[in-house]
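What TrEMBL records for this protein:
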- 20-155: domain 'EamA' (DOMAIN)
- 21-44: transmembrane segment (TRANSMEM)
- 50-67: transmembrane segment (TRANSMEM)
- 83-103: transmembrane segment (TRANSMEM)
- 115-132: transmembrane segment (TRANSMEM)
- 139-157: transmembrane segment (TRANSMEM)
- 164-297: domain 'EamA' (DOMAIN)
- 192-212: transmembrane segment (TRANSMEM)
- 218-242: transmembrane segment (TRANSMEM)
- 249-271: transmembrane segment (TRANSMEM)
- 283-303: transmembrane segment (TRANSMEM)
Amino acid sequence: MISSEPSPSAPWAEASRGRGVTAALIAYGLWGAFPLYFVALAPAGAMEILAHRILWTMATCAVVLLWRRDWEWLRDLLHHRGLAAGVALAGVLITCNWGTYVWAVRAGHTTDAALGYFLNPLVTIGLGVLVLHETLRRLQWVAVGIGLVAAVFLTVSTGTVPWTALVLAFSFGLYGLAKNRIGVSLDPWQSLGAESATLAPVALAFLVVLQIQGGSTFLAPAGVHTGLLVLSGVVTALPLLFFAEAARLIPLSLIGLIQFITPILQLIVGVAVLGESMSTSRWIGFGIVWIALIVLTVDSLIAGSAARRAARRAVDPS
């Protein structure tokens, strides 16, 4: 006889789901608010901000790992060339992404950055086909095709290729591929620490030269500005911590829906707060991208529903 009473684990599962959704909302909300932080770092230039972000992110991760007494993984990393190469590649790609994003915000192209992160899911799917030889469902092909139409439309209508958006979308998509190759060998703190350490010597050398040449802003307006630069490590790591918690508690399909909060907030900040202009053709281009994302979302919901039905049939064939 099957009891009709709710499972004692149901409230716990619902609470876990609620915590996961909250963590995801915080993570993507923080990422969406990043433009405000980088604007507040003026008068530092994009390269100086990037160099500080690399160094202070590495320092933040090092503090966390030392507190956890977690350093055994370093031996494995140093003895596995494939893993070390994957981490180094991921470090280069995420640095490229960070640098492009900071430059975009500081140069008044926050809306281009938002477009890049709207395009990212479509680029990631395309890279999965080209590099991992993944098979797409029909609606996924439709979504990718609409995304290509959007890129062509924006190029033709504005007279320029949306390089900023494409670099952000492809650098983060390729970063995802590199992380896929690394797999679960490293947890988020280990991975981020190792990736930032890859470019740390270059970042440190740049800041030393900048200081010698008198171009550094780190100590010039000492106080709030210096503190904000130091906090770049915490600012980088905090949303990743919430994201890791969300990924542990809720399905990736739900995270995939919540992720659009980031570019939506970036677009709002760019237009409403930073005063960036959006021509009619650009709004149309964004609209085409949104249609592609709606198609992708519908496909994800259909696939998720089918997977749940299959799982229920496997448990109860009757």
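Just so it is clear, glycine is given a Cβ too, placed from its N, Cα and C backbone atoms.
The list of residues near the transmembrane segment (192-212) in space but at least 6 beyond its ends in sequence, with Cβ under 8 angstroms from a Cβ of it, reads 47-48, 50-52, 54-55, 57-58, 61-62, 64-65, 77, 87-88, 90-92, 94-95, 186, 218, 236-237, 240. Here the transmembrane segment (115-132) touches the transmembrane segment (283-303). Their Cβ atoms form 3 or more pairs under 8 Å, with each pair 6 or more residues apart.
Sequence-distant contacts of the transmembrane segment (139-157), counting only residues of its own chain at least 6 positions beyond either end whose CB sits under 8 Å from a CB of the stretch, comprise 115, 119, 122-123, 125-126, 166, 281-282, 284-286, 288-289, 291-293, 295-296, 298-299, 302. Highest Cβ pair count under 8 Å relative to the transmembrane segment (249-271), across stretches 21-44, 50-67, 218-242, 283-303: 21-44.
Mean pLDDT of the predicted structure over the domain 'EamA' (20-155): 91.
Counting Cβ pairs closer than 8 Å to the transmembrane segment (21-44), the top stretch among 50-67, 218-242, 283-303 is 218-242.
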